[in-house]
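Participant: So that we are looking at the same thing, I have put the structure below in structure tokens.
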């Protein structure tokens, strides 16, 4: 069709529409859309809408006035009113607020080029490509409006195009986008990133659309730790009422939330946790603590709560006391004030992931030297004796003091006289004393003493192996030097009988006995000091 014929046709359609919309022509079709009714004319609707052609042809009403019902048009009566204006040639403004429902409604009514030139489908597509999807805020608005137009919005690929445009423009605007970024989970962020200006716009999206946008951003190279402020802002806005109610219900053991709302909040929280960055320091500990409290209150999945506990354990040095005072939202009748089990799991996560993984041997010795081994409990001593990461000197001190403690307890029990029996009435007969409890305690102490002796024996075996290795190294070094540097003096010295070699254990024990590093007076009889001077040369 030539351009001249198109102009003639459009002008004719305009005059026809003006004539039909006037008061001189009565309506011949009634359209029910939801609860609204429209009295219209068949000609302008049939000239542009393929769906009306089908519905009118299938109508069995023989009267002049045809009644048509359209219950499920996208955008409901508001969208139908705009499409009707388009059919009648009445001017109206396309905007980012109504373009989504216009595109979906025109698709539903089959307003394609097959029925009219420059129909509503092509007009709405042109506005999307030239205006709406060229701006970040406009694309977010269109996506937000499309959330109420499923599934037809997915069918016309309106949602996917909006998400792709948003991901592209955010990566262009943000400092956290790099096509070659591939951050590992062990990376530590020096400080929390600053939130971008567009993060506030993303908070209007539904959680499923929000998740798809963030996944598309990461697919385009957006660094994961840069999502921390965006997730924090979204959580604060979508869970604002829940965070405030957690303080009100503390210690009451009752829920003040509807089941439907609880399910929605639970889905939002679990999705946010699944999107949290894996890098340390990307999220604050106080924010993680607030998410964990909400997860306990909403009874999310166990995996969600364990993930938050693990994240808090990795950043435990940054936590304050209030972050660990997690209330116990128990609804089973128990009235515990705080959730101690959760705090214990957080501490176990901290200990499990190597608390100071980069400490050298010198630093470990320095830290362990500050520990007072005399004040350790029996459980701590048993743990220290089996901990291979502790320096050998610390393990020896722990075993020594524990053995001294056991000896003192056995000596005190054996030397202390039995307490006198309490006075009894003359008519009663005292039963024989029971020594079972004392014997049990004594046998327990003996068993623990045997265990400590076994640990000392293991340490001695290790020292012997170390001594053997040193002797082998010394003998090999002596053989090499004697073969390379032979002299009459060395030959003469070889004729002499070898001197007895001192044992490494004996030398170490003698030096320790002289130094007495623990400051313990020797047992038994001591020699009186001689009244003479000592010269130091």
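A Cβ is built for glycine as well, from the same backbone N, Cα and C atoms used for every other residue.
Pulled from TrEMBL, these are the listed features:
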| type | residues | note |
| --- | --- | --- |
| DOMAIN | 27-96 | domain 'BTB' |
| DOMAIN | 196-372 | domain 'NPH3' |
| DOMAIN | 373-405 | domain 'NPH3' |
| REGION | 409-446 | region 'Disordered' |
| COMPBIAS | 417-434 | compositional bias 'Pro residues' |
| REGION | 466-537 | region 'Disordered' |
| COMPBIAS | 466-475 | compositional bias 'Basic and acidic residues' |
| COMPBIAS | 524-537 | compositional bias 'Basic residues' |
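Describe each of these features in terms of where it is and what it packs against.
Facilitator: Across the domain 'BTB' (27-96), the model assigns an average pLDDT of 81.
Using DSSP to sort the residues of the domain 'NPH3' (373-405) gives these counts of helix, strand and coil: 25 helix, 0 strand, 8 coil.
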Participant: Counting each residue once, how many in the domain 'BTB' (27-96) are helix, strand and coil under DSSP?
Facilitator: 27 helix, 14 strand, 29 coil
